[in-house]
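According to Swiss-Prot, the features are:
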- 21-36: transmembrane segment (TRANSMEM)
- 101-115: transmembrane segment (TRANSMEM)
- 140-156: transmembrane segment (TRANSMEM)
- 203-218: transmembrane segment (TRANSMEM)
- 237-252: transmembrane segment (TRANSMEM)
- 457-472: transmembrane segment (TRANSMEM)
Amino acid sequence: MGLPWYRVHTVVLNDPGRLLSVHIMHTALVAGWAGSMALYELAVFDPSDPVLDPMWRQGMFVIPFMTRLGITNSWGGWSITGGTTTNPGIWSYEGVAGAHIMFSGLCFLAAIWHWVYWDLEIFCDERTGKPSLDLPKIFGIHLFLAGVACFGFGAFHVTGLYGPGIWVSDPYGLTGKVQSVNPSWGVEGFDPFVPGGIASHHIAAGTLGILAGLFHLSVRPPQRLYKGLRMGNIETVLSSSIAAVFFAAFVVAGTMWYGSATTPIELFGPTRYQWDQGYFQQEIYRRVSAGLAENQSLSEVWSKIPEKLAFYDYIGNNPAKGGLFRAGSMDNGDGIAVGWLGHPIFRDKEGRELFVRRMPTFFETFPVVLVDGDGIVRADVPFRRAESKYSVEQVGVTVEFYGGELNGVSYSDPVTVKKYARRAQLGEIFELDRATLKSDGVFRSSPRGWFTFGHASFALLFFFGHIWHGARTLFRDVFAGIDPDLDAQVEFGAFQKLGDPTTRRQAV
């Protein structure tokens, strides 16, 4: 046929059977990828430390999505929460992966069948005997079925009425587990961080979809609208479908990057804004202040800070710290976190407590500056010793650790103090194993960053695809030179402009 690569899809333009076939094959590829990727991730995933080496630090991409829908156990005998399990059954990570691969195989066979048996009676118009699809009716059927699935997910799966529920956690990502969720029908249901909104919105949207589907099945579009929106043209379907997909892609890119109840930090890692706003740091200080108010010692209050909470307050877990072309998981960057060293408290020789100014997200290097409680600079690590007034040596800065592995240990040696001051720029200080994975020490992004980048990029691409195909279908007559209302038989090649009798070719 000799079609250029960008026009090959014209082979299914007026062939409903093979159009169905290629879509089934596409579903086979998507489901096959999902199942295969899940098996690969399960092969390389280490579930031994859910606190310091969670799935998002290891670069898992599909495991978090399975987990948020209620899958927590593996045939390997482990649970995502760190415990063990004996009989996970079919609804395990491997079971879901296998189901996707089996479904992919069935779709593959169905695609071949529909490619071979493309000329089915169901695709033919009874009046003309030519292949034809009743697109408004198909739209109604699909809308109805999508509404049923949406309603079922919200009313049964999420609520736990017939299903496991979804992953729900506290605002600081410490107590997450799979549980049933009651729908939130009040104004709180519109809060993107309230899990009840997921149930209520799916129930509401599903109900609307069912009603809209029944409407489109029972009411035919007016002729003017049918012609104006080219409802008989399959490219109209392509254009509007692309619109639905790019809109959804933009929405999920936003909910992933900015965070929501659908993207828990235990599964996808914290957001960059939690570092920017000192979100976890504030909670840690709140707990410390509450402990001190109860006359507990600094050592006691810092020892009660959960290691998980301290680990979130570390810049290496900020998804915006990854760079372009830095492939690999976070563990391949700064290493595998082994343990929390504790919270360093710096003091000058006057006994003032000093705080290290933290590195902003988009800096690779940042001056080491120590300020007092009033924000006045008291010490730094100078760039030029000759100009220094506030160097660690001159000011006599010491550091003492509270909580963690170095609890109660103090240092006054300037070299050691400066080392920990530099590390305190990056948040809480952790011991990191860079040898095991040959980690290069350069920060990587988390799956939160990859998902956002991928979906935002494809959404932009699909936006242009929507404009392109929408324009093609709306202005097809202009582009082709054929009046869509032309009833006369047109002889191709008789006119210089197709269908225009004033441009009849003259025999030479």
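Note: Cβ is positioned from N, Cα and C throughout, glycine not excepted.
The stretches the transmembrane segment (237-252) and the transmembrane segment (457-472) meet in space: the count of Cβ pairs below 8 angstroms, excluding pairs fewer than 6 apart in sequence, reaches at least three. Counting Cβ pairs under 8 Å to the transmembrane segment (203-218), the stretch among 21-36, 101-115, 140-156, 457-472 with the most such contacts is 140-156. Against the transmembrane segment (101-115), the recorded stretches 21-36, 140-156, 457-472 differ in Cβ pairs under 8 Å, and the greatest number is found for 21-36. Using a Cβ-Cβ cut-off under 8 Å and counting only residues 6 or more beyond its ends in the same chain, the transmembrane segment (21-36) has close neighbours at 12, 62, 97-101, 103-105, 107-108, 110-115, 118.
Within the same chain, residues 162-163, 183, 198-218 sit at least 6 positions outside the transmembrane segment (140-156) and bring their C-beta atoms closer than 8 Å to a C-beta of that stretch.
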